[in-house]
Amino acid sequence: MDKKIFRQRQLANLKVFATTAQKEHEDEQLLERILGWEELINAETVGLTWSLEFEVNTWPLIQQLWLMEKEVYLPTANQDKSMDFKLFSDRSDLGFSRFGVGEVMSAKTRINNQLDLIIVPGLAYSSKNDRLGFGGGFYDRFLARHLGIKTVTLANSQMFYQNTEWAVERTDIPVQTIITPEDFYYL
């Protein structure tokens, strides 16, 4: 299916699912699974997004990462369509981009683009580790330039597909690990 059409349908489905108790339950399951995952336990620096309401809730994960004494980084989109990860702490000035994404606003904040682990956001994922993002290509460009960074995603039941149902392009970077409420999928 055409990416644009699939993306629109998927976004609508996720917005409906976001209002359910099932989403909250699955978010809790995913948090528990990733906190016990060896790659996260061993990582010192972790990049992830401040989640939108229809995404897996990352705020409890961010709090746990701080308790585990991990450095947490949030992405910031640049005007040239590149992306940088800025250190995020409980003292950071959080603002929102034109896309509605939470970003660290201070220009003086430490940037680290060689993270141990990035939790990659998206709208849909497949058992082949394909990822459908939001259409801007920010993560695909970033990951193509920063090889060697481990990637993982948290996919609830509405985000995960056994088969890839959207067009995959050569510039689409698959996620190395997908964590669902039931299983782990490795590339």
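Placed from the backbone N, Cα and C atoms, the Cβ positions cover glycine too.
Annotations in TrEMBL come from automatic prediction, not curation.
The model shown is predicted, which means the values in this text are computed figures rather than measured ones.
According to TrEMBL, the features are:
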BINDING   Lys3, Lys4, Ile5, Phe6, Arg7, Arg131, Leu132, Gly133, Phe134, Gly135, Gly136, Gly137, Phe138, Tyr139  ATP binding site
BINDING   Glu55  substrate binding site
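The binding-site residues in question are Ile5, Leu132, and the one with the fewest Cβ neighbours inside 10 Å is Ile5. Leu132 (ATP binding site) falls within a strand segment according to DSSP.
Comparing Gly136 (ATP binding site) with the residue listed as 'substrate binding site', their Cα atoms are 17 Å apart once rounded. Of the recorded residues, Leu132 (ATP binding site) and Glu55 (substrate binding site) place their C-alpha atoms 13 Å from one another. For Arg7 (ATP binding site), the number of other Cβ atoms no farther than 10 Å from its own Cβ, over all displayed protein chains, is 18. Neighbour counts of Cβ atoms within 10 Å were compared across the binding-site residues Phe134, Phe138; the minimum falls on Phe134. Taking the C-alpha positions, the distance from Lys3 (ATP binding site) to the residue listed as 'substrate binding site' comes to 19 Å. The distance from the Cα of Ile5 (ATP binding site) to the Cα of Glu55 (substrate binding site) comes to 19 Å. Of all the binding-site residues in the record (Arg7, Phe134, Phe138), the one with the smallest CA separation from Glu55 (substrate binding site) is Phe134. For Gly136 (ATP binding site), the Cβ neighbour count at a 10 Å cut-off comes to 12, with all displayed protein chains included. By a simple count of nearby Cβ atoms, those within 10 Å, the most crowded of the binding-site residues Lys3, Glu55 is Glu55. Secondary structure at Lys3 (ATP binding site), as computed by DSSP, is helix.
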